[in-house]
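Annotated features in TrEMBL:
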BINDING   Phe48, Ile49, Ile50, Gln51, His52, Tyr110, Arg114, Thr251  substrate binding site
BINDING   His237  heme binding site
Amino acid sequence: MSSNDYDPAVEGAETDFARKMSYSDYLQLDALLGAQHPISDAHDEMLFIIQHQTSELWMRLAIHELRAARHAIAREEVSPAMKMLARVSRIFEQLNNAWDVLRTMTPSEYTHFRSRLGQSSGLQSYQYRLIEYLLGNRNGAMLKPHAHDPEVTALLKAELATPSLYDEVLRLADRKGLTMPAAVLSRDVHETHHFDESVMQAWRRVYEAPEANWMLYELAEKLVDFEDYFRRWRFNHVTTVERVIGFKRGTGGTGGVSYLKRMLEVELFPELWRVRTVL
Ligand code: HEM
């Protein structure tokens, strides 16, 4: 060690973790960094694994925030909910930027290990499905790939039985005087909510007089902001997929790009998008 080298112990930094919780202990890095097991010799498989694992970690945080935001909205604690929704948008922004790393993998490189993936696919990501369900895109048929896992099935079914984030927003808006249609407020929450003219007219009142309805106006714009980022995620995904596998079928068995393009049409908060046309 040269005399210029920094020695953390001199300034009093702790260096003995034999009996104290260290950084690795707290973050369980042994488990986290011990979970990357490529099953081929392909150099790029590590990128592929880490890209998916980091996405799953960010999704985990998104679920944590979305659930808490929904709970806060139901309790009319709108300011903290707004902060959480802003964070979820930033998470999706992060996920959107992450595609740039994956795009450095060419089709030739991916073919070195694609066949080793078998039938596994992001289509079976239960956290992704949970996010879709939480937000209100509730296709019960997407439970099927999880039938072999009772715990995950129970988790997703419980989510389907719970009002979505948007349901809670519409209920709040109704309590705050917007008068949402009874059929929408008492709808079967297991299903996806579809565009409703009266809901759009209610939002129209908010957008035509933001000052008089500031809280709902701000909340609505937070939702639009988030859906905007989510749409960009779907778009980045399908573009990356086309770039890497062209129009091949997906490992999960769908038409691949054709399936993902169909998903671009999903509208989570349909009235908030349509209201713009009538202003
Ligand atoms: C080279 C990289 C990738 C390729 C070629 C790819 C390909 C595909 C394809 C073809 C599908 C349609 C389902 C199927 O038949 O398999 C799909 C779905 C999906 N992928 Fe990817 N994917 C890639 C990267 C990722 C990454 C990094 C994530 C992040 C977690 C991800 C998450 C998902 C999810 C959540 C779905 C289901 C989407 C839905 O149901 O709307 N994919 N992927």
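Yeah, the Cβs are placed from backbone N, Cα and C, and that goes for glycine too.
Please treat TrEMBL annotations as automatic predictions, because they have not gone through curation.
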Rounded Cα distance in angstrom between Tyr110 (substrate binding site) and the residue listed as 'heme binding site' is 15
Distance, the residue listed as 'heme binding site' to Arg114 (substrate binding site) (CA atoms, angstrom):
17
For the binding-site residues Ile49, Ile50, Gln51, His52, Thr251, which sit with their CB under 6 angstroms from an atom of ligand 1?
Gln51, His52, Thr251
Binding residues Phe48, Ile49, Ile50, Gln51, His52, Tyr110, Arg114, Thr251 (substrate) - maximum C-alpha distance in whole Å
18
Same chain only, sequence gap of 6 or more: which residues have a CB within under 8 Å of the CB of Ile49 (substrate binding site)?
Gln36, His37, Pro38
Please list, in sequence order, the residues in the chain of Gln51 (substrate binding site) that are at least six apart in sequence and whose C-beta is under 8 Å away from its C-beta.
Ala98, Val101, Leu102
Give the distance between the Cα atoms of His237 (heme binding site) and His52 (substrate binding site), rounded to the nearest whole Å.
12
